[in-house]
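Trainee: Annotations per TrEMBL:
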REGION    1-45  region 'Disordered'
COMPBIAS  17-30  compositional bias 'Polar residues'
DOMAIN    97-508  domain 'Amino acid transporter transmembrane'
TRANSMEM  117-144  transmembrane segment
TRANSMEM  176-199  transmembrane segment
TRANSMEM  246-267  transmembrane segment
TRANSMEM  287-305  transmembrane segment
TRANSMEM  336-357  transmembrane segment
TRANSMEM  377-401  transmembrane segment
TRANSMEM  422-443  transmembrane segment
TRANSMEM  449-471  transmembrane segment
TRANSMEM  483-508  transmembrane segment
Amino acid sequence: MEERPETELISIPATPRVSTPEIQTPSGQRSPRPASKEAKSSTAWTPTSFISPRFLSPIGTPMKRVLINMKGYLEEVGHLTKLNPQDAWLPITESRNGNAHYAAFHNLNAGVGFQALVLPVAFAFLGWSWGILSLTIAYCWQLYTLWILVQLHEAVPGKRYNRYVELAQAAFGERLGVWLALFPTVYLSAGTATALILIGGETMKLFFQIVCGPICSSNPLTTVEWYLVFTSLCIVLSQLPNLNSIAGLSLVGAVTAITYSTMVWVLSVSQQRPPTISYEPLSLPSSAAAFFSVMNALGIVAFAFRGHNLVLEIQATMPSTFKHPAHVPMWRGAKVAYFFIAMCLFPVAIGGFWAYGNLMPSGGILSALYAFHSHDIPRGLLALTFLLVVFNCLSSFQIYSMPVFDSFEAGYTSRTNRPCSIWVRSGFRVFYGFVSFFIGVALPFLSSLAGLLGGLTLPVTFAYPCFMWVLIKRPTKYSFNWYFNWILGWLGIAFSLAFSIGGVWSMVNNGLKLKFFKPN
């Protein structure tokens with residue numbers, strides 16, 4: 001027989017094996033390859049992660065469509081958040097149709113106000129270098145803690161922390177969180193509202209004097225009566241039901257704050273400076289007096305940055321889904337707001353100190369403008385400045401009072417298990433307005449306590465957010481992030497104690513029982 005020739009073996013070069021995410025089953029279908037441990041740890045779980053394209057590939061078209069539709073629905077619902085039915089009855093969370101524009105309006109209205117006008121007083125004790133340095137550090141520091149609060153609003157899947165106290169409870173525990181956060185946040189809201197009544201009433205009195213002149217000087221209203229007039233206006237405006245409904249008022253407050261802040265420093269630097277002006281820090285008789293005065297001045301700088309007790313509440317008014325979380329529009333609006341806040345605070349502080357130096361009265365730049373240039377500036381322009389301050393105080397009163405209104409109604413709804421009627425809601429707000437009025441009458445020097453207010457409320461802005469980030473996010477122990485936030489938090493607590501002591505010392509020893517304005 002004829003032998004067949006042997007088949008030549010042809011060597012084929014081996015091609016590199018490319019790993020694919022799928023393996024072939026005996027039936028010829030593709031199925032997902034089991035993930036390695038590293039892949040499992042690196043991939044974050046989401047509510048719809050079990051409905052992936054690799055999971056859907058071996059399933060028929062009808063079932064695939066159903067699961068894709070389910071995936072889209074879950075992503076629209078978002079995070080599978082457990083909603084508290086009571087939130088639909090409360091002023092902060094009653095309406096959730098907020099957006100980035102509302103966030104910018106609310107943050108700007110809460111962040112700029114009368115506290116900016118006393119910044120040149122701090123510069124009179126700190127001087128140029130330390131004044132600008134402390135203001136810059138405080139601005140960057142509070143911007144970082146603002147970012148922390150925005151990120152922690154939905155830090156835990158399925159939970160939205162709609163209020164500052166709720167986030168504090170999640171971080172520090174139920175009881176400790178209430179003890180740490182409730183007093184400074186309520187004190188900041190109620191104390192600011194009372195100070196706004198004092199400043200608004202005094203400014204209305206000055207506005208009336210400027211507009212009427214000697215014609216209306218026969219039987220003018222007293223200062224307490226002007227407080228009552230301003231409180232009545234605040235109570236009327238406070239009847240708006242929820243936080244989103246006052247977005248228009250916040251816009252008015254933001255525009256007026258930017259306008260009068262710009263007008264005040266422009267009018268100050270455009271006038272001739274006093275002949276005895278000096279830019280050296282005020283000299284005090286003892287080193288202890290100088291130290292506590294510096295601490296009080298730093299407390300004034302800290303008090304200039306307020307509004308962090310309202311960040312979570314503002315973010316709670318926004319819808320949040322898996323695709324469109326609330327922190328995106330919130331941070332976008334906050335960045336715009338704090339850009340304008342910087343454009344207000346820095347020129348007022350620097351321009352006011354340049355115009356008046358250490359002759360700056362303790363009432364602030366508006367008091368200095370009235371004292372030094374009331375006869376040099378046209379009466380209509382001066383009256384317009386005071387009127388803008390009144391509008392801003394009316395708007396700021398609403399947003400700072402909203403957490404207190406929310407607390408009143410939360411207590412009522414938790415006991416009765418039903419929403420507040422319009423009469424109950426109105427009653428709460430009338431009661432709160434007149435309580436603030438009586439506190440203002442009993443403590444008429446409260447508006448001059450910027451240093452003490454800054455010290456007592458400083459942890460809300462500068463310290464607690466850093467601790468919350470470490471306790472909730474749990475960064476790697478002994479990492480830079482871990483050290484950085486712990487150090488910032490404890491520095492904030494130390495500064496709070498020092499600024500509070502400085503504020504009390506300045507009250508007792510220097511007699512800072514002064515009005516915000518001191519007209520001649």
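Note that Cβ sites are derived from N, Cα and C of the backbone, with glycine treated the same way.
Tell me about the surroundings of these features in the structure.
Mentor: Residues 261, 264, 279-282, 293-294, 296-298, 300-302, 304-305, 308, 338, 342, 345-346, 348-350, 352-353, 356-358, 360-366, 368, 450, 461-462, 488 of the same chain, all 6+ positions outside the transmembrane segment (117-144), place their C-beta atoms under 8 angstroms from a C-beta of that stretch.
Cβ atoms under 8 Å from those of the transmembrane segment (176-199) belong to residues 113-114, 164-165, 168-170, 227, 230-231, 234, 306, 309, 389, 393, 396-397, 400-401, 403-404, 407, 436-437, 439-440, 443-444, 446-447, 453, 456-457, 459-460, 464, 516 of the same chain, restricted to positions at least 6 beyond its ends.
Packing against the transmembrane segment (246-267) from elsewhere in the chain are residues 98, 101-102, 104-106, 108-110, 112-113, 116-117, 237, 240, 337, 340, 343-345, 347-348, 351-352, 355, 365-366, 369, 373, 377, 381, 384-385, 388-389, 391-392, 394-396, 398-399, 402: each is 6 or more residues past its ends and has a CB under 8 Å from a CB in it.
Sequence-distant contacts of the transmembrane segment (483-508) (same chain, at least 6 residues past either end, Cβ-Cβ under 8 Å): 141, 144, 291-299, 302, 449, 451-456, 458-459, 461-464, 466-467, 469-470, 475.
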